[in-house]
Amino acid sequence: MDSHKVDPVDMSYGYTEAPGRQPYDMERASTQRSLMPLSDHMDTGAARLEQTLEMLNVRYQSLFFASAACIVANAVMTFLSSFGITQLPCLIMSVFLIINGLMIMILDVPGTPRWAGKHRRNIRKNMRFLTRLTGKSLWLALLGATSLMTTKATRSVNIFRIFMSTVSTIFVFAAAGTGMLIAIRKSLRLERVKGIIKENSKGAYIDCYRKYALGDPDYGMQFQEFNRMCADHTSGTHQFDIVDLYIIFNVLDEFQKSAINEREFYEWMAGSLVFL
């Protein structure tokens, strides 16, 4: 019997312990296979990445800001060397990169400078995808690749410029990948919480909303009320800090009012996975 038993470590997919059950065993009906092994691995990797950034005292917003600064610097140098009819495409692409890079820099500039407040509101209103971690990470990767190609297409470029542009593009890709991993981890964590709330509420999503949106039900559920709901349904194992709450509400709150109304809550509960 033992000679035919399959070791879970040797399988091509991972296993996790099911709630209230023992680890998966093919010969035991009371155990079950993990449905999302890949997400478990990504969650673990992203958690380690966040811990590393914390140890280095670096925030992912700072990585975004530095990446956007690299894109703007490359674009400015390309712009200055792209005057002429034959270099018109490079000139146009340089302006495009400068504008988009500056928008990301404004969104992620360290601190809360007064001058940035108005511009941030305008960007969030007209470029909503840049306010999502997933959207910003993908856009950064695209801008990095475009910056490198634009630099190489410039006629008066030298080896040093190409080398510096390549190094900065690698840094941009690394920052974009870091942001994407962190975004996916936060998205999966929110999805797990949603799954528990759905299971506990048994389809009565509106009743669940009204139970916790006590401050102003017509206006919407506030940060503290959302956090209390998550903590109550997960026995205190899942709560979100203020940064994560801003990220979550930025996606779920359609009108950017820092509150989730009844319709938005129902759409979130009844919808599919939300990428933050």
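Numbering starts at 1 and runs along the chain as it is shown here.
Here the Cβ of each residue, glycine as well, is placed from N, Cα and C on the backbone.
Because the structure is a prediction, the values reported are computed rather than measured.
TrEMBL annotations:
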type	residues	note
TRANSMEM	63-85	transmembrane segment
TRANSMEM	91-109	transmembrane segment
TRANSMEM	129-150	transmembrane segment
TRANSMEM	162-184	transmembrane segment
Sort out the residues at least 6 away from either end of the transmembrane segment (129-150), same chain, that have Cβ-Cβ distances under 8 Å to it, and list them. 60, 64, 67-68, 71, 74-75, 78, 90, 93-94, 96-97, 100-101, 103-104, 107, 123, 165-166, 168-169, 172-173, 175-180, 182-184, 186-187, 247, 250-251, 275-276
Residues outside the transmembrane segment (91-109) whose C-beta sits under 8 Å from one of its C-beta atoms, at least 6 past its ends, are 61-62, 64-65, 67-69, 71-72, 74-76, 78-79, 82-83, 116, 119-120, 123-124, 127, 130-131, 136, 139-140, 143, 146-147, 150
